[in-house]
Structures are given as structure tokens and as C-alpha cells.
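Encoded as C-alpha cells, the structure appears first; notes follow it.
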Amino acid sequence: MDRIIEKLESGWWIVSHEQKLWLPYGELPHGLAANFDLVGQRALRIGEWQGEPVWLVLQHRRHDMGSVRQVIDQDAGLFQLAGRGVQLAEFYRSHKFCGYCGHPMHPSKTEWAMLCSHCRERYYPQIAPCIIVAIRREDSILLARHVRHRNGVHTVLAGFVEVGETLEQAVAREVMEESGIKVKNLRYVTSQPWPFPQSLMTAFMAEYDSGEIVIDPKELLEANWYRYDDLPLLPPPGTVARRLIEDTVAMCRAEYD
């Protein structure tokens, strides 16, 4: 699947190492390979954006290495491809040797996988399923400040799905563990690949059922009900959390305005 990049090769360039992304001038490189000193490098074609190829180059650059979060305000499709590149780069870096027999591995030529030529084991990129849920109580939405978000942003509740657990069970458990309340009338909304580091967010809306807010201090700094027209600082546009909040606000406006 990989190839040597030639002088006139063009497209979008995902240059990644250790979950970082090369962002000269704060943007994803776009254009001729020669303009970015990429001629002669090995590259994988990982997709297409606006009719042009998207290439992954496994390489560290001394300057301008940043987080994929810096391109979250790009078009959703391009952000997803950037996230794919960063996750694949980390997958290839962390799977150089077989976990069963210890022998060197090599990339598959037909799929995103690493193969062991000794014991024939096959490894795929790990994806961690997560739930994220907007909870409505009449004209209000439950928003919380997480311990890892010290910038004042309030968002909806989220968490990882545990082994042997359904998505619906994960929603009920995470909400109870983090806020102490029960929910009902769960409804699936959408999903979003989230490369921090390798999650797949499954988004839901739910209604408040019972209980008083009792936060888990290991997870949350605070949690409260906020009326739809009096909200605190929210996650940025482009995130599934922001979409859930905006969808909930739209439902409240339709009913209470």
C-alpha cells in the first residue's frame, strides 16, 4: 500500500509521529511533495479529500509538530482523515513486534493491519468505543466541568464502554457514576471518530428520570442543570458534544419559546 513519493506528487500530507501532526503555518500541508521536502519518503494513501489524495508519512519534524486538535475546525471529512492518519501512524509505531512470539511484523498490503510472518498473527488498529449523552430535564440540560478541562468549558457526560457491556448499559452506568442520576428514553443520534487517542464516540440523547446530582470528584469539578437560553462556555463547533447540546437547545426552543 505504501510507495515512494515522487517530485510531482501532490495532495494532502499527514506527517505524523508519536500522536503528533506536522502543521507548518498551523495548517495541514497541501500541494506538491517537493514544496514540503517529502520527495523520496515512503507514504501510504489513506483516503481522498476534495478530489485529491491524502497521504500518510511516518516521520518526525523538528518544528511545527502539534496536536490533531488544532485542525478540529477544518471540514469534518478532512479532520477525520487527519485523525485516521495520526492513529495509523501510532498503530504502526507501536506494533513493530508480535505480542505473541516477539518476532518483527510488517504492514499488510491489502488492509490496515500488521502481520507476523513467524506465527501468522494479525493485528488491527484498536478502537475504543465511548458513549456521550445529552440529558434533558424539561427546559434544561445537564452540563458538567471535567477535571481534565480547566478552561471553564462545560459539556455533556461521556465515558468508555466496558467489556461485555452494551452501549445503552454504558450510558446508564456512566451517568449514574458521574452524576448520581438515572435517565430514560435513550435515543441514538450519531457517531464521530475521535482520535484522542483512538475513540469512536457514540452519541445519545436521554431524558432525566430520577435522582439528585452527586458528582464523582475524580471525574467532575461540578455538574448542574442549565436552562437552554442561559448556557455556560461550551465545547467548540465540530465536536459531537456541541452538536448534542445544540440539538437539545433546539428541542427546548421548539417547546418553550
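Backbone N, Cα and C define each Cβ position, glycine as well.
These figures come from a predicted structure and were not determined experimentally.
Checking Swiss-Prot for motif 'Nudix box' across the ranges 5-26, 159-180, 225-246 points to 159-180. With E174, E178 listed by Swiss-Prot as binding divalent metal cation 3, the candidate from E138, E219, E222 annotated for that site turns out to be E219.
Together with R69, Y124, Q192, P193, W194, P195, F196, P197, Q198, S199, A241, Swiss-Prot lists one candidate of E52, E111, E255 for binding substrate, that being E111. Neighbour density at the Cβ, taken as the number of other Cβ atoms within 10 Å, is lowest among the binding-site residues E174, E178, E219 for E219.
According to DSSP, E178 (divalent metal cation 1 binding site) sits within a helical segment. Here the candidates are the binding-site residues R69, C119, P193, and by Cα distance the one nearest A158 (divalent metal cation 1 binding site) turns out to be P193.
There are 12 other Cβ atoms within 10 Å of the Cβ belonging to C101 (Zn(2+) binding site).
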